[in-house]
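This report concerns only the one structure given below.
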């Protein structure tokens with residue numbers, strides 16, 4: 001992979017994703033993804049395993065026997081029981097799931113931090129980020145890959161300034177975390193909406209009309225019939241996205257679309273796990289109830305919890 005391809009992959013712009021003609025592009029910023037598996041307990045519990053431990057931890061489950069799995073699951077249960085009353089509530093389980101899913105964000109930031117804190121002072125300035133990310137590429141006035149790196153840099157600078165709360169163009173680790181992961185921070189959500197509208201609003205009138213909305217997620221392939229999901233999206237735009245029925249989405253309507261706040265996946269999964277494991281139906285789980293359903297939480301194979309336990313000590 002050459003430098004320009006690498007930069008493209010790492011670009012913090014939300015729009016640069018290519019779609020096949022009949023493949024739907026999803027602009028919605030969901031809660032941190034619990035799993036890319038299908039949630040179908042009738043087939044397997046893969047989704048639940050990913051949600052409970054995080055996808056990366058779940059990958060290493062093949063190594064342990066069921067007995068080892070139960071033993072180490074019991075140790076994790078002790079950590080989930082935040083108030084140490086011997087029970088795991090929906091709220092405690094929800095907090096654990098959110099922690100497990102957000103851990104990858106912090107790991108991603110740690111990886112990026114090492115490459116951008118050039119003077120190793122525990123801060124990342126805009127100049128450091130710019131030099132580390134773009135460097136001499138900006139000296140090429142005519143890149144042959146079709147990407148405008150100067151335009152990408154301007155957009156990155158705007159987002160960096162938004163993440164940098166005190167406006168000194170020097171980011172702490174917390175501020176830097178908001179830079180590549182803006183949808184995790186309420187104060188960054190306006191920039192997410194702005195960038196999305198810039199990507200889709202082809203006529204630059206400050207709104208997203210129906211054709212721009214469809215054109216962003218679907219590229220018509222010659223004489224092929226329009227897929228059914230495209231027709232559904234047209235109906236969604238008219239019936240739900242365009243709330244004031246003026247034929248276009250403004251900033252607030254776009255925000256409601258891409259940053260929905262009416263569904264909490266972590267809470268839904270926590271309630272599901274409690275419902276499936278709560279043998280006496282008292283609305284909370286004992287360690288025994290969880291371990292008895294270890295196949296739901298961690299499967300018949302288990303994970304290398306040694307690393308998980310170390311990582312979760314701070315929880």
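In case you wondered, yes, glycine gets a Cβ from its N, Cα and C as well.
Features of the protein shown, as given by Swiss-Prot:
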SIGNAL    1-19  signal peptide
MOD_RES   47  phosphotyrosine
MOD_RES   65  phosphothreonine
BINDING   81, 83, 85, 92  Ca(2+) 1 binding site
DOMAIN    104-139  domain 'EF-hand 2'
BINDING   117, 119, 121, 128  Ca(2+) 2 binding site
CARBOHYD  131  N-linked glycosylation site
DOMAIN    151-186  domain 'EF-hand 3'
BINDING   164, 166, 168, 175  Ca(2+) 3 binding site
MOD_RES   165  N6-acetyllysine
BINDING   201, 203, 205, 212  Ca(2+) 4 binding site
BINDING   242, 244, 246, 248, 253  Ca(2+) 5 binding site
MOD_RES   254  phosphothreonine
DOMAIN    265-300  domain 'EF-hand 6'
BINDING   278, 280, 282, 284, 289  Ca(2+) 6 binding site
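Using a 10 Å radius centred on the Cβ of residue 280 (Ca(2+) 6 binding site) and all shown protein chains, the other Cβ atoms total 9. Same-chain residues with CB within 8 A of the center of the 278, 280, 282, 284, 289 CB atoms, the Ca(2+) 6 site residues themselves not counted, are 87, 274, 277, 279, 281, 283, 285, 286.
The Cβ of residue 284 (Ca(2+) 6 binding site) lies under 8 Å from the Cβ of 87, 88, 89, 90, 274, 278, each of which sits 6+ residues away along the same chain. Under 8 Å, Cβ to Cβ, and six or more positions away along its own chain, residue 164 (Ca(2+) 3 binding site) finds 126, 170, 171, 175.
The Ca(2+) 1 site is set by 81, 83, 85, 92; from the centre of their CB atoms, other residues of the chain with a CB within 8 Å are 80, 82, 84, 86, 87, 88, 89. In the predicted model, the domain 'EF-hand 6' (265-300) shows an average pLDDT of 88. The Cβ of residue 201 (Ca(2+) 4 binding site) lies under 8 Å from the Cβ of 207, 208, 212, each on the same chain and at least six residues away in sequence. Nearest to residue 47 (phosphotyrosine) in space, judged by Cα atoms and limited to the binding-site residues 128, 166, 168, 248, 289, is 289.
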